[in-house]
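Peer 1: Could you have a look at this structure, given as structure tokens, before my questions?
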Amino acid sequence: MNISLIAAISKNLVIGYKNKIPWYLPEDLKWFKQKTINKNIIMGRLTWESIKKKPLPMRKNIVISSNEIKQEGIIWADSISNAIISAQYNQEIMIIGGAKIYKEMLFYANKLYLTHIDIDIVGDAYFPEYKLYPYWKTLFRKKNTKNKMNPYNYSFEILSR
């Protein structure tokens, strides 16, 4: 079973502020879609609420919450372990947030898909300090410069262990 974390992070590891992504980067949205399409995605309740409680199309949406969620297009799980059991084992499992789920799953992940955004920004949700673990090796990295549509320099990186 392959478990991956996918996130967009600022230089100071911010991933969110007031349950929203604190930037708009269309190329990151394309990257996210490309990497998660036709896969299992697991998210926490706050991430679910941040996407306006709408299942992401062409993905198996699994939401972790202590309170049962009954909605077409999602599978509710009361724990990370039950979320993983609900996933299809022949597919990569993509953890899409939030901060608490990332922190709990970093140790179990085989791969990280990161968008590094070249800004320091105020936030209240952070990606875990993954660089503290020396076993992560970069498989792919592509730097991109800001343009009319994407107002920050950014890079895509895939790490594996």
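Cβ atoms here come from the backbone N, Cα and C positions, even for glycine.
Dumping what Swiss-Prot says about this protein:
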type	residues	note
BINDING	Ile6, Ala7, Ala8, Asp28, Arg59, Thr115	substrate binding site
BINDING	7-8, 15-20, 44-47, 64-66, 96-101	NADP(+) binding site
DOMAIN	2-161	domain 'DHFR'
Peer 1: Please report the number of other Cβ atoms within 10 Å of the Cβ of Arg45 (NADP(+) binding site).
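Peer 2: Taking every protein chain into account, the count is 18.
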Peer 1: Of the binding-site residues Gly16, Asn19, Arg45, Ile64, which sits closest to Thr115 (substrate binding site) by Cα distance?
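Peer 2: Checking each of Gly16, Asn19, Arg45, Ile64 against Thr115 (substrate binding site), the shortest Cα distance is to Gly16.
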Peer 1: By CA-CA distance, flag whichever of Gly16, Arg45, Ile64, Ile96, Ala99 among the binding-site residues is nearest to Ile6 (substrate binding site).
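Peer 2: Result for Ile6 (substrate binding site): the nearest of the binding-site residues is Ile96.
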Peer 1: Relative to the Cβ position of Asp28 (substrate binding site), how many further Cβ atoms are located within 10 Å?
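Peer 2: The answer is 20 other Cβ atoms.
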Peer 1: Which value in Å gives the longest Cα to Cα span across the substrate site residues Ile6, Ala7, Ala8, Asp28, Arg59, Thr115 as recorded?
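Peer 2: Between the most distant Cα atoms of the substrate site, 20 Å.
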Peer 1: If you count Cβ atoms within 10 Å of the Cβ of Ala99 (NADP(+) binding site), leaving out that atom itself, what do you get?
Peer 2: 21
Peer 1: Cβ distance under 8 Å to Arg59 (substrate binding site), same chain, sequence separation 6 or more: which residues?
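Peer 2: Expected: Thr36, Ile37, Asn38, Lys39, Asn40, Ile41.
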Peer 1: Near Asn19 (NADP(+) binding site), how many other Cβ atoms are within 10 Å of its Cβ?
Peer 2: 12
